[in-house]
Amino acid sequence: MSLIIKNIDCLVTCKGSHLKKGKEMQNAGIIENGYIVIKDDTIFEVGNGDGYKKYVDDNIEVIDGKGKTVTPGLIDCHTHVVYGGSREKELSMKLKNVSYIDILNNGGGILSTVRETRKASFESLVSSAKNRLDIMLEHGTTTVESKSGYGLNIETELKMLKVNKYLNKIHKIDIVSTFLGAHAIPEEYKNDRKKYIDTIINEMIPAVKDENLAEFIDCFCEEGVYSVDEAKKILVAGNKMGLDIKIHADEVESIKGAELAGEINAVSAEHLVAASDEGIKALADNNVVAVLLPSTSFYLMLNNFARARKMIDEGVGIALATDCNPGTSPTESLQTVMTFACFGMKMFPEEIINAMTINAACAIKRENVIGSIEAGKKADICVFDSKNLDYLIYHFGINAIRYVIKNGNVVVNKEN
Ligand code: NIG
Ligand code: FE
């Protein structure tokens, strides 16, 4: 054995390697006075009381969990963490009530980040994204999904995905890659969107597959961006070439993006602030993970959040993520997202932790390896300075991490 965490006041296991849907999200598998025994990079045994004692010897590191809440390593299953530049100039436009889609259609928003990302070297994209990943790890995130989508040409889309691949190799955080060539229509194709869509299907997706640079394909399906028909064409083409489907759906307007997600068997549908009742039913019926991004809702200043309570009542499985990006959610912290999930969407602490661990693992098809604390799973674990789970959500605006354990190693240690 290599590491033991003992006497844990609140051990939140999130046990079970499947999508927790509806009411099942309320069970986070909490053990009082729990312990975890780790062997190399894997969880060996989980229990409560003194059961860990038989494994203690001089060579084992022991962490005391008294006064702590311990959870699976947090999984950020929707990010745009690789990008050039920043967009603080849009803040004053937003304060003057210029809408997000209007900023985009006037060459700002995503398109301004596209200009910066095209200009940026591979090295500078690595360096800025690495800084963001460092902050994520400090806040308890141990696995991250990362999308392309600020290239919108083959050269820069591949550059972004290669940055993901490189970061996955050098950074402690594991990175799962998503191809999002359909994030906006690039300015040079403004008057011929069909041609750009053909380029995505006939050139970009084959190149991504050729070099094995992504597992998922995504599309920003939204009024004024990609229509439902266009999204379907792109996503189905990607799926035929071996990429699993994700979709940015019904973020601002209800255009039946959630319904499409059900129809084409998407692994996940994301945002869903404006998803219709039928759309919510389609997600539940087809086991599509609803990835909700409440820090984006907050940041867009639209005064409305996705209908998490309705989704839970209808039996949907919800995951939560930061959406870390330079326009609508410039944050690396899933702890910040906990605050908005609770105070904006009225999600309960148990639901929130399931949504950032096992259900987030389902959104990136890693539920058999990570997302819960049980024997056989990877030892990715957060130790929070928090006497119980409610306290973790109640005390907001701080970083409550005491230790982060990744692959069985203590990689963040705030003990002084
Ligand atoms: O998930 N909605 C589309 N894409 C991102 C925002 C990207 C940006 O504004 O740069 C999102 O919110
Ligand atoms: Fe996004």
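Here the Cβ of each residue, glycine as well, is placed from N, Cα and C on the backbone.
Please treat TrEMBL annotations as automatic predictions, because they have not gone through curation.
What you see is a predicted model, and the numbers here were worked out from it, not measured in a lab.
According to TrEMBL:
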- His78, His80, His248, Asp323: Fe(3+) binding site (BINDING)
- His78, His80, His248, Asp323: Zn(2+) binding site (BINDING)
- Arg87, Tyr150, His183, Glu251, Thr328: 4-imidazolone-5-propanoate binding site (BINDING)
- Tyr150, Asn325, Gly327: N-formimidoyl-L-glutamate binding site (BINDING)
- 69-411: domain 'Amidohydrolase-related' (DOMAIN)
Can you give me the average pLDDT across the domain 'Amidohydrolase-related' (69-411), rounded to a whole number? 97
With a radius of 8 angstroms around the mean position of the C-beta atoms of His78, His80, His248, Asp323, what other residues of the same chain does the Zn(2+) site pick up? Thr79, Lys147, Glu270, His271, Val291, Leu293, Thr296, Ala321, Cys324, Asn325, Ser329
When the Cα of His78 (Fe(3+) binding site) is compared with the Cα of each of the binding-site residues Arg87, His183, Asn325, Thr328, which one is closest? Asn325
Sorry to bug you, but what's the C-alpha spacing from His80 (Fe(3+) binding site) to Thr328 (4-imidazolone-5-propanoate binding site), rounded to the closest Å? 10
Out of Arg87, Tyr150, Gly327, which binding-site residues have CB atoms lying under 6 Å from ligand 2? none
Around the recorded N-formimidoyl-L-glutamate site (Tyr150, Asn325, Gly327), other residues with Cβ within 8 Å of the Cβ centre, ordered by sequence, are His80, Tyr83, Arg87, Gly109, Ile110, Thr113, Gly149, Pro326, Thr328
Work through the binding-site residues one by one (His80, Arg87, Tyr150, His183, Glu251) and name whichever has its CA nearest to the CA of Asn325 (N-formimidoyl-L-glutamate binding site). His80
Within 10 Å of the Cβ of His78 (Fe(3+) binding site), how many other Cβ atoms can be counted across all chains shown? 30
So which of the binding-site residues His78, Arg87, Tyr150, Gly327, Thr328 sit close to ligand 1, that is, with a CB under 6 Å from an atom of it? Gly327, Thr328
Among the binding-site residues Arg87, Tyr150, His183, His248, Glu251, report those whose Cα falls within 10 Å of that of Gly327 (N-formimidoyl-L-glutamate binding site); none is a fine answer. Arg87
Please list, in sequence order, the residues in the chain of His183 (4-imidazolone-5-propanoate binding site) that are at least six apart in sequence and whose C-beta is under 8 Å away from its C-beta. Ile110, Lys147, Ser148, Gly149, Tyr150, Leu152, Asp218, Cys219, Phe220
So, in DSSP terms, is His183 (4-imidazolone-5-propanoate binding site) helix, strand, or coil? coil
What does DSSP call Asp323 (Fe(3+) binding site) in the simple three-state scheme? coil
Neighbour count (Cβ, 10 Å) for Tyr150 (4-imidazolone-5-propanoate binding site): 30
Those residues of the chain, 6+ apart, with a Cβ under 8 Å from that of His80 (Fe(3+) binding site): Ser146, Lys147, Gly149, Tyr150, Leu180, Asp323, Cys324, Asn325, Pro326
